[in-house]
Amino acid sequence: MEGTASRSGSSSSVVADWSLVFWTLCSVILPVLITLWCSFQRSRRQVLIRDIFRKSKHDWHYTYLFGQPSYCCVCAEHILRGAFCNCCGLRVSEACLKKADQLFLCKEIMMRSNGAQSSMPHHWIRGNVPLCSCCMVCKQQCGTQPKLCDYRCVWCQYTVHDECMLDCLKTEECTFGEFRDLIIPPYYLSTINQMRKDKRTNYEKVVPYCRKHWMPVIILANTRSGNNMGETLLGEFKILLNPVQVFDLSKIAPAKALQLCTLLPCNAVRVLVCGGDGTVGWVLDAIDEMKIKGQERYIPQVAILPLGTGNDLSNTLGWGAGYAGEVPVEQILQNVMEADGIKLDRWKVQVTNKGYYNLRKPKVFTMNNYFSIGPDALMALNFHAHREKTPSLFSSRIINKAVYFFYGTKDCLVQECKDLNKKVELELDGERIELPNLEGIIVLNIGYWGGGCRLWEGMGDEPYPLARHDDGLLEVVGVHGSFHCAQIQVKLANPVRLGQAHTVRLILKSSKMPMQVDGEPWAQGPCTVTITHKTHALMLYHSGEQTDDDASSVSEQDHVREQTDEDV
């Protein structure tokens, strides 16, 4: 009896143990299997979506959460996630993607027609109109109803209530709205294409080529610049303009994109560069290539939307020190239309090595902003090396400036560039300059330096003329170190003004020193640096906003003029 009881007790304990093991395995394996199944379904769904995107004529982008209340243009259901077209603005649920491709046409960048056309009807899409829009028929607000209603034209951006939509509006000629002077119409490109096939070049008779105020704009956006806003801006510009006018510089080089200028009116095209100063320099180099090819009459004027870290050239030309989405894209295009044309000096920087290294070919750079040797070039060199190792960390303008601050603080303690005046010789227009005790020399072409600091004008009561970017003169200043640079940034000190010149020559006699041209740094051994005028670039100046520094500088210049008049 006792043996039977003990055996039954041991067997029940074994069953309990196996039951515990079973449920433990289930609790571990079941979530894993569910996770694997969900991952498989998600990857399968993504493959299907990518396949639809690849075959579609729409520029679809998938989002897991729309930034505003949205309705599917096919089933009219409220959706939280789905796809939207970057060109026409359609929004659809994941299940309706194929139907949307069959039911709705996207913006046509070039109309399929045999003969010449000078007009086209509206291209209406239904739903998801902006809340601030106004019906073109009854003049009342559109987009207030929480359902799929109201219409929007993808070209002129006009909106119409569902009940106000008339048959005549469906065939009415589209005027292209407030940006008609910036848009390249699809019928224009088809006509030009037919004329090129017929080997005719009298584009002057084609509408809107012959229109007086037509100034088509080309958007060149660098999606890798600064705060990574380029991708969003590309979509917003494609909705307002013809998608053929909008280029992603990570996919197509500026030289190729700018060939569109040869199909447009001479001296009328405007280019908006969305990126940092480096991107602007890249575009200006491509424009110089157009001059070499004999395409001078197609040279565009260049505006800037600052997405980089420093943005000193953008600041100098009135486009601001940085863009973070605070200004609507519509206002940006309006600013481009109203901007004034000016010239920007561009300089040739030739670096010739000494000694054994003299056998190498000299380095040649093109300078738009400034050249420097010393602590600020060292900070740029360290920052550049760090970004090359871990580029994913440098996706924010604030982080970039924090890294610059870190390396600047480090150099205050180490002083790697001390006694620069003993290692270099400086000549301005052939005249040698006696250097005081310095750690850095900066050669300026524009008014701003170091992310928004007016280096040449400085501070204090001593009047100095404003630094200009179109006078063929360079301003040369010296700094005592990284701490001195920081004091200049917060207006607690002035730089050492060394003079102005048309030609600058700098001789590095010994050791290796950090140098930079427009943010492109390198470590340089003994050499001779010669800076001479190269050419002019046609830029656009935006005078709509004026900073405190601009106002004080202008008032200071007026004070100098008054003093001069009194002396006379």
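Using the three backbone atoms N, Cα and C, a Cβ is placed for every residue, glycine included.
Annotated compositional bias 'Basic and acidic residues' per TrEMBL: 556-568, in sequence order.
Within the model, the domain 'Phorbol-ester/DAG-type' (57-106) carries an average pLDDT of 87. Taken from TrEMBL, the feature domain 'Phorbol-ester/DAG-type' applies to 57-106 (among others).
Taken from TrEMBL, the feature domain 'Phorbol-ester/DAG-type' applies to 121-174 (among others).
Marked as domain 'DAGKc' by TrEMBL: 212-353.
Sequence annotations record features per position, and here TrEMBL assigns region 'Disordered' to 545-568.
Among the features that TrEMBL reports, transmembrane segment is placed at 20-40.
Broken down with DSSP, the domain 'Phorbol-ester/DAG-type' (57-106) shows 10 helix, 14 strand, 26 coil. In the domain 'DAGKc' (212-353), helix, strand and coil residues by DSSP number 58 helix, 34 strand, 50 coil.
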